[in-house]
Amino acid sequence: MASCHAKKQEEDLEDKKSIKKRIKELKVLDPKIAQNLSIFLGSFRMPYQEIRCMIVEVDEEQLTEPMIQNLVKHLPEQEQLNSLAKYKNEYANLSEPEQFGVVMSSVKRLHPRLSHILFRLQFEEQVNNLRPDILAVNAACDEVRKSSSFGRLLELVLLLGNYMNAGSRNAQSYGFDLSSLCKLKDTKSADQKTTLLHFLAHVCEQDFPDVIKFVEDLHHVDRASRVSAENLEKSLRQMERQLLQLERDLDTFSSPDDPNDIKVAREQYGKLVIMHGNMEALYLNLLEYFAVDPKKTSVEELFTDLSNFRSMFTQALKENLKQRELEEKQRRARAAKEKAEREKQERQQKKRRLLEVTADAKAMAGTAIEFGSPTSAPASIASKTMPATLTLL
């Protein structure tokens, strides 16, 4: 155990000496930068010239997003690379990080090139992330505007509100803020056992079952509630800047596929811009339809309110069903208890009647015995009153 510990200490000491040796050999790079770059290079285990060729040729089969991100993070500044280029003839005497710097210094506009490669690697992912967001908002706007069930629900809410506010300054209102839908749960009955939301769900279920279909109609509002219009715009602006820079730099460094790649990227970006414009138009029309101030209500706020209300209404339906099942269970329990009580009373009544009948029978039997016991009396009387001839018989 002690020998292993001593061996480890020796190895650590050798590593420290090795690092110090490399640091002493540094000509241009800062020791910290050199150390981080050395760690980065150690994770690839490939010749520096091969890495250079991958970057110059934009070999997307071997270049990965994490690799380019780390290279951008740890690569020395262009000024340092230019200084390292002067040590090209002393390549063998340089430390590994500076040798890598010498190799990479021959690549024109290395930093912009890496940024553009990273953009190309990320572009498809960015498009695939933005497109579903835009489509979700478009679909949600269309659903909310065209759902007749949701329109009928709003009419019922307005009717209930006017009924409850009768006689107050809010009576006979012509509309209400959509954000008020989530507040229906806060209005409770006098006994605190139910809410206005649960009552609304009950009314819909009992008298207007078609209204409940709005839950299915608005199935995109939840996805749309997670979309930030501000972040969408920022992402599109950033993509535009990167595309413009890439187009400007094409003449400086290009590969045979670059012109076609930028054309495809520009087309995809153009489609995104059109989709985003349609999304904004649909959203503004929706806000105007419901008399909502676009300066005060963002995309995510509106659809978050609608998504929350949709979930709350669905939950109210479930809770109402659970309450009905509980009440039915209690009703059956009461009915069973009342039936058992009736049967018990009937048995007791039958028992009392049986006892009464038995008592009456005994009483009647006792009376009969009392009147029939002196059997010799008639004979003696007969012997006294009847003729002697009869007695002989």
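The first residue you see is number 1, and the count goes up from there.
Heads up, the Cβ atoms here are built off N, Cα and C, so glycines get one too.
TrEMBL does not curate its annotations; it predicts them automatically.
Here TrEMBL flags 325-348 as compositional bias 'Basic and acidic residues'. Shown for the compositional bias 'Basic and acidic residues' (325-348): DSSP residue counts in helix, strand and coil, namely 24 helix, 0 strand, 0 coil.
As annotated by TrEMBL, domain 'FH2' applies to 1-339.
If you look up TrEMBL, you'll see 325-357 marked as region 'Disordered'. A Cβ distance under 8 Å defines the sequence-distant neighbours of the region 'Disordered' (325-357), meaning residues of its chain 6+ beyond its ends; there are none.
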